[in-house]
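> The structure's right below; bear with me while I get my questions together.
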């Protein structure tokens, strides 16, 4: 049985070698990367989405719902030029995702599942502990040695503190012998799970496996809105939460780099099967980007 008492969150600067960050991720299932997004980029991004955030009504439900006093906004790529031209062009993110999802010679083995701003309001209750891979219910049943299905980069837009609801993580829960739902019926450790708060400054992020137990903390402040930017990525074989190509206008898509176009589903990925090459999300055996008239990424 895995330990229910984590000791720490490993931290690395964004300038650290990707192999070192990835090794910590493999060990604990989560790792903090300091300076993942430059603070000036994050400040401009926050300003650009502010009008949209102000239009979202706060729900007060008191029923354990994950949206209780939490604002969520996903139309980032169409709202923020800084997001689509700068933040998305994060080479370290791709270096790490290549190590998690991709095989040599097969291009990107991953795409975006969702990109979202999550703002925890004053008084918001703690979120129930969960694993993100519960989105794909069968994945837990494959155990800790299964390939990753989902990796989240969760970035601080405003400071993350214990008081304002910093995410609480359970390092090492990715390696528990049984990956279960976190409830009294399914989880032997239920009620005995200790967690570690992800204390971060704007621009820092934690990279987290879909296998790791976590949940937003209680925002006990009177006025502090804890804002985060989350990149949820999944292996290319899985269907994403967001139907990006159906609501991102082509005018916006053509502004994106070929790499980012692929992340949002405007280009195909390839896999070599014996002697054949398969295009995922393709068009009659060809890259969907050709059908859309996008400039070749070659």
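In case you wondered, yes, glycine gets a Cβ from its N, Cα and C as well.
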> Per Swiss-Prot, which of 10, 127 sits in the substrate site along with 72, 167, 226?
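It is 127, as the record lists it for that site.
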> Kindly point out which candidate in 85, 94, 214 is recorded by Swiss-Prot as part of the Fe cation site with 130, 132.
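Swiss-Prot lists 130, 132 binding Fe cation, and from 85, 94, 214 it also lists 214.
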> Starting from the Cβ centroid of 72, 127, 167, 226, the recorded substrate site, name every other residue in that chain with its Cβ within 8 Å, sequence order please.
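These residues sit around the substrate site: 70, 118, 119, 120, 124, 165, 216, 228.
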> Which value in Å gives the longest Cα to Cα span across the substrate site residues 72, 127, 167, 226 as recorded?
15
> Please report the distance from the Cα of residue 150 (site 'Important for reaction specificity') to the Cα of residue 232 (site 'Important for reaction specificity'), rounded to the nearest angstrom.
7
> Within 10 Å of the Cβ of residue 214 (Fe cation binding site), how many other Cβ atoms can you find? Include all protein chains, please.
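Around the Cβ of residue 214 (Fe cation binding site), 27 other Cβ atoms lie within 10 Å.
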> Spatially, and counting Cα to Cα, which of the recorded positions is closest to residue 72 (substrate binding site)? Options: 130, 132, 232.
232
> Inside 8 A of the center formed by the CB atoms of 130, 132, 214, which other residues of the chain have their CB, for the recorded Fe cation site?
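Going along the sequence, the neighbours appear as 129, 131, 134, 208, 210, 212, 213, 215.
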